[in-house]
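Worksheet: one structure, shown below.
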Amino acid sequence: MTDLPDSTRWQLWIVAFGFFMQSLDTTIVNTALPSMAQSLGESPLHMHMVIVSYVLTVAVMLPASGWLADKVGVRNIFFTAIVLFTLGSLFCALSGTLNELLLARALQGVGGAMMVPVGRLTVMKIVPREQYMAAMTFVTLPGQVGPLLGPALGGLLVEYASWHWIFLINIPVGIIGAIATLMLMPNYTMQTRRFDLSGFLLLAVGMAVLTLALDGSKGTGLSPLAITGLVAVGVVALVLYLLHARNNNRALFSLKLFRTRTFSLGLAGSFAGRIGSGMLPFMTPVFLQIGLGFSPFHAGLMMIPMVLGSMGMKRIVVQVVNRFGYRRVLVATTLGLSLVTLLFMTTALLGWYYVLPFVLFLQGMVNSTRFSSMNTLTLKDLPDNLASSGNSLLSMIMQLSMSIGVTIAGLLLGLFGSQHVSVDSSTTQTVFMYTWLSMAFIIALPAFIFARVPNDTHQNVAISRRKRSAQ
């Protein structure tokens with residue numbers, strides 16, 4: 001990219017800045033949850049909603065981000081995303097109650113939902129096609145560093161300052177990013193078709209109320225009647241979307257996507273698989289601190305091997321899939337992740353703390369292989385005219401399933417521990433043991449979906465098929 005103009009390189013730095021902010025925020029909060037609970041006078045069982053409110057908002061807003069960027073302009077939307085994210089960070093730091101914090105996290109989520117997809121769109125518009133891959137590698141690298149720094153930085157700030165600083169550090173960064181966006185980024189627009197507002201609202205209502213209903217009486221204090229009503233509203237909203245999208249060329253997500261078998265299987269497997277995987281980044285630092293008595297900083301450091309394992313495995317995923325095929329890889333990694341989850345619980349409860357970094361490194365390797373395989377399986381056979389829509393739907397499902405996973409993890413803690421989870425409680429480790437056993441079972445379930453993937457589905461087979469279809 002050395003032959004790119006200086007202005008373009010600065011624009012890529014701005015996008016990379018946004019990727020870093022968004023990825024850092026998704027991991028820095030996890031380590032701080034026990035301290036937040038103590039500061040706000042809440043049970044740790046309720047703190048999963050701090051993550052859910054952000055991730056669910058991202059899932060809801062993702063479908064609108066690309067259309068808004070084309071309609072209003074990439075600079076205007078990227079600037080708005082940074083401003084909303086920064087304001088949300090400020091309001092998070094100023095929150096005095098859990099409800100205030102949840103609303104502020106939702107505002108952060110609106111900004112986070114627009115930051116990454118609009119950043120990708122910006123790169124497509126400012127960089128020549130032949131340099132697009134190199135440019136995307138450059139801007140996504142900080143996004144890979146964010147999860148590496150997030151847990152340890154969050155623990156460090158909590159231990160030596162306060163949890164408020166995990167949000168306050170976003171403010172100067174956000175101000176610089178917003179000013180740089182206005183000064184340096186061009187405002188590309190495109191002629192757009194009419195936005196499917198009806199479909200967007202139906203999906204948003206369905207996802208939001210079903211997740212809220214899943215949290216149930218343990219997290220929200222809702223009555224059984226209210227929960228039943230939410231489930232009914234959510235199901236009706238999703239059914240209405242299916243009726244709305246049928247034979248509708250302007251639907252937010254075309255039902256024609258599901259005519260491709262690998263897309264249907266991959267999407268179902270991604271949804272179920274990420275529910276299980278979404279539990280782990282939330283539960284691991286909470287367990288280390290509340291269940292084992294680790295300090296926030298120590299718990300954050302323990303998460304680094306998992307990220308390193310994930311980053312290291314990405315280099316050889318393609319060779320693994322080409323050698324063994326999608327079905328074998330996905331079934332093996334799904335069952336393997338379940339076994340590693342049990343291994344982590346066992347070594348932790350036995351007090352073999354020196355083994356935990358190796359177990360977490362292995363967990364990161366297995367999880368990364370499964371994530372990459374799920375993503376490529378889902379999208380690889382889609383025709384070109386449906387590829388963009390399929391990618392957007394997959395991104396939305398990824399965020400939604402992660403929020404559901406965190407919700408279920410909180411629900412399991414509440415189910416086994418009622419309101420008595422604390423470092424001083426004699427039953428705490430028993431509560432976590434039952435929770436981790438349940439998580440391992442849930443993580444293993446998607447293997448039944450992946451077992452239905454055609455046996456000849458390899459990366460190289462898919463490429464040859466795509467070439468034949470293009471001829």
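Note: Cβ is positioned from N, Cα and C throughout, glycine not excepted.
Summarising the annotation, Swiss-Prot assigns topological domain 'Periplasmic' to 1-11 (among others) and lists sequence analysis as the type of evidence.
Positions annotated as topological domain 'Cytoplasmic' by Swiss-Prot, on the basis of sequence analysis: 33-48 (among others). The residues of the topological domain 'Cytoplasmic' (33-48), classed with DSSP into helix (H, G, I), strand (E, B) and coil, number 12 helix, 0 strand, 4 coil.
For 70-76 (among others), the entry in Swiss-Prot reads topological domain 'Periplasmic'. In the predicted structure, the topological domain 'Periplasmic' (70-76) carries a mean pLDDT of 83.
Helix, strand and coil counts under DSSP for the topological domain 'Cytoplasmic' (98-101) come to 4 helix, 0 strand, 0 coil. Annotated topological domain 'Cytoplasmic' per Swiss-Prot: 98-101 (among others), in sequence order, evidence recorded as sequence analysis.
As annotated by Swiss-Prot, topological domain 'Periplasmic' applies to 125-137 (among others), with the evidence given as sequence analysis.
Nonlocal intrachain contacts for the topological domain 'Cytoplasmic' (159-164), taken as residues 6+ away from its ends with a CB within less than 8 angstroms of a stretch CB, comprise 32, 35-36, 39, 93, 295-297. According to Swiss-Prot, the feature topological domain 'Cytoplasmic' maps to 159-164 (among others), an assignment based on sequence analysis.
The topological domain 'Periplasmic' feature in Swiss-Prot is assigned to 186-196 (among others). Same-chain neighbours of the topological domain 'Periplasmic' (186-196): 11, 64, 67, 70-76, 122, 125-126, 248, 250-252, counting only residues six or more beyond its ends whose CB sits under 8 Å from a CB of the stretch.
Swiss-Prot lists 218-224 (among others) with the feature topological domain 'Cytoplasmic'.
Feature annotation from Swiss-Prot assigns topological domain 'Periplasmic' to 246-262 (among others); the stated evidence is sequence analysis.
Under the heading topological domain 'Periplasmic', Swiss-Prot lists 307-341 (among others). Residues 144, 147-148, 151, 269, 273, 276-277, 280, 359-370, 372-374, 376-377, 436, 439-441, 443-444, 446-447, 450-451, 453-460 of the same chain, all 6+ positions outside the topological domain 'Periplasmic' (307-341), place their C-beta atoms under 8 angstroms from a C-beta of that stretch.
The annotation topological domain 'Cytoplasmic' is assigned in Swiss-Prot to 363-395 (among others) on the grounds of sequence analysis. Summarised by DSSP class, the composition of the topological domain 'Cytoplasmic' (363-395) is 29 helix, 0 strand, 4 coil.
Annotated topological domain 'Periplasmic' per Swiss-Prot: 417-430 (among others), in sequence order, evidence recorded as sequence analysis.
The topological domain 'Cytoplasmic' annotation in Swiss-Prot covers 452-471 (among others).
As annotated by Swiss-Prot, transmembrane segment applies to 12-32 (among others). For the transmembrane segment (12-32), the residues of the chain that approach it from at least six positions outside its boundaries are 1, 4, 50-51, 54-55, 78, 81-82, 85, 89, 108, 112, 115-116, 119, 122-123, 126-127, 135, 138-147, 149-155, 157-158, 163, 166, 170, 173-174, 176-177, 180-181, 184-185, 281-282, 284-286, 289, 296, 299-300, 303, judged by C-beta separation under 8 angstroms.
The annotation transmembrane segment is assigned in Swiss-Prot to 49-69 (among others) on the grounds of sequence analysis.
For 77-97 (among others), the entry in Swiss-Prot reads transmembrane segment. Same-chain neighbours of the transmembrane segment (77-97): 14-15, 18, 21-22, 25, 40, 65, 68-69, 103-115, 118-119, 122, 164-165, 167-168, 170-171, 173-175, 177-178, 181-182, 185, counting only residues six or more beyond its ends whose CB sits under 8 Å from a CB of the stretch.
Across the topological domain 'Periplasmic' (186-196), the DSSP tally of helix, strand and coil residues reads 0 helix, 0 strand, 11 coil. Beyond the ends of the transmembrane segment (396-416), by six or more residues, the same chain brings 44-49, 51-52, 55-56, 58-59, 62-63, 203, 207, 211, 214-216, 218-219, 267, 270-279, 282-283, 430-432, 434-435, 438-439, 442 to within a C-beta distance below 8 angstroms of the stretch. With pairs at least 6 apart in sequence, the transmembrane segment (286-306) and the transmembrane segment (138-158) have 3 or more Cβ pairs within the 8 Å limit; the two touch.
Taking DSSP states H, G and I as helix and E and B as strand, the topological domain 'Periplasmic' (307-341) has 31 helix, 0 strand, 4 coil.
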